[in-house]
Amino acid sequence: MSFHIFKNIPHSSIPKDKDGKTIDVREFNIFKILLIVFITLVSYSLPVIFPQTFPFTPVQNITMAIFIAAALMWILEPMPVYATSLAIIGSLCLFASDGAITPIKNYLKSVDGEHLLSYKSVFNSFSSPVIILFLGGFALAIASTKYKLDINLARVLLKPFGKKPSMVMLGVMCVTGFFAMFMSNTATTVMMLAMMAPVFASVSNEDKGIKALILSVPFAANIGGIATPVGTPPNAIALGFLHGEHAVSFMKWMLIGFPLAALCIFLTWILLRMLFPFQSREITLDIKSRFNTDWRSIFVYICFAATILLWMTEKLHGVNSYIVAILPLIAFTCTGIIKAPDIKTMNWDVIWLIAGGIAIGNALENTGLAVKLANMIDYSNFSGIMIIGIIGLTGWVLSNFISNTAAANLLIPIAVAVLSSPSITTGIDISYSLIFIALTLSFAMTLPISTPPNALAYATGKIENKDMIKAGGITSVMCMVLSFILLFIISKI
């Protein structure tokens, strides 16, 4: 779920300070900044010069310029993506809200029928239910790692798969996929790669199967994240736009995501076996760890199971998944299981990134810009399911090169407006359409830079770029096709 800032830098070359901590070497690229400023100014000027072609109100025009600037910064990355999200929130408040700079605010208020954004609603993106959902997920991940629930579960779950290399790989993929349903796919990959390191070292580099075993971890982590709303940020972002009659419960998402994830992981296992066949006849897993029996550990085990159970039985007790998510956070902090140093380790960059996406998405919706943009395109030549497929494919291409969270922030607000347009009849509930789009973003795993799990696997030094492109490309397309088939079946029911 987290974005790896060094995704273009090989792991071995990441610089560290005297304390061993990584240093952010990203340069503030002035050329990219100037290019973004120029394009943004041009985009702002066009509706002013050609009002008939671009019939935007002043607030819509400002919001559009901010959206374009954000898109360019998320794609070109002249600065960290979380910084872009903060800049979005600040820009919306300063230039398009009722808390804007006085001359701008007075001008906007003078325009008949103009509707300014509320600066309070912009700031509310930091406390969105989606943010709480992720904080709850982070709390579960921190507690389970701290009290060794994750590694002990992995030990227990891997035991039935025996010593045959292909079966060990299937076990690794199943366990990785399971943890990625509830934990950061990056954290899951780190844990599984570290746990499997002795196995990797024991297998000869001449054995092609070692590549399959290593690639199985990031691929299963990427795929496993689609199974639940908390598995990966695009899921939560899509969920944030589904409310009222289109609201999706935790269990409803799982009924779609889990079977698809299980099928994709199984087919990926078959594919990796074919591409990189094992020569070794046996692999020995020796994970030395035991379940802790102190009261804090037992409390963590109970809370982890109870939270998942509450998420899955929302219809029985009526407490939505967002409220359930805050319960483990309360329980762990009140009992001292999670302390201040643990809170500092949470992926706050991801939280900021999501908050910025929520803010720009709400701005597009509240100003009416999203609907206006959607209505500017003639959809008469496209079927509804084709439009959904085009949006999903666009997101997949973007996510291979930029953070899938950033891609979700860009596409999902527009997708909501397009799919809500009266001129489009998809025959599919918008909730299923958004779920499909969110899933396709997680299937982008063609390159080492596509996802943090891919980068971590590449950093082992045992995977070549061509290996990941071949295996990741086929896996991505296969998963995309399966998800589209599922969407088509749903449309016919």
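Just so it is clear, glycine is given a Cβ too, placed from its N, Cα and C backbone atoms.
For reference, TrEMBL has these:
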type	residues	note
DOMAIN	72-439	domain 'Citrate transporter-like'
TRANSMEM	30-50	transmembrane segment
TRANSMEM	59-76	transmembrane segment
TRANSMEM	82-101	transmembrane segment
TRANSMEM	167-200	transmembrane segment
TRANSMEM	212-230	transmembrane segment
TRANSMEM	250-272	transmembrane segment
TRANSMEM	293-313	transmembrane segment
TRANSMEM	319-338	transmembrane segment
TRANSMEM	350-373	transmembrane segment
TRANSMEM	379-399	transmembrane segment
TRANSMEM	430-450	transmembrane segment
TRANSMEM	471-490	transmembrane segment
Annotated stretches the transmembrane segment (430-450) and the transmembrane segment (350-373) touching (3 or more Cβ pairs under 8 Å):
no
Hey, which bits of the same chain come close to the transmembrane segment (293-313), Cβ under 8 Å, at least six residues off its ends?
136, 140, 143-144, 146-149, 182, 228, 250-251, 254, 319, 321, 324-325, 327-328, 331-332, 335-337
Leading contact stretch, 30-50, 82-101, 212-230, 319-338 vs the transmembrane segment (471-490) - CB distance under 8 Å:
212-230
Any idea what the model's mean pLDDT is for the domain 'Citrate transporter-like' (72-439)?
85
Grab the same-chain neighbours of the transmembrane segment (319-338) for me: Cβ-Cβ under 8 Å, and only residues 6 or more beyond its ends, written as numbers and ranges.
129-130, 132-137, 139-140, 142-143, 146-147, 229-230, 249-250, 296, 299-300, 303-304, 307, 310-311
Residues of the same chain, at least six outside the transmembrane segment (59-76), with any C-beta under 8 angstroms of its C-beta?
29, 32, 35-37, 39-41, 43-44, 47-48, 84-85, 87-88, 91-92, 95-96, 108, 114-117, 356, 360, 363-364, 367-369, 372-373, 398, 401-403, 406-407, 409-410
For the transmembrane segment (212-230), distant same-chain residues with Cβ under 8 A (at least six beyond the ends):
1, 133-134, 136-137, 165, 168-169, 172-174, 176-182, 185-186, 188-189, 192-193, 196, 199-200, 203, 236, 239, 248, 250, 253-254, 257-258, 260-262, 264-265, 268-269, 272-273, 275-278, 311, 321, 325, 438-439, 442-443, 445, 451, 453-454, 456-457, 460, 462-463, 467-468, 471-472, 475, 479
Could you pull out which residues elsewhere in the chain have a CB under 8 Å from any CB of the transmembrane segment (379-399), counting only those six or more residues past its ends?
75, 407-408, 410-411, 414-415, 418-419, 421, 423-428, 433, 436-437, 440-444, 450, 476, 480, 483-484, 487-488, 491
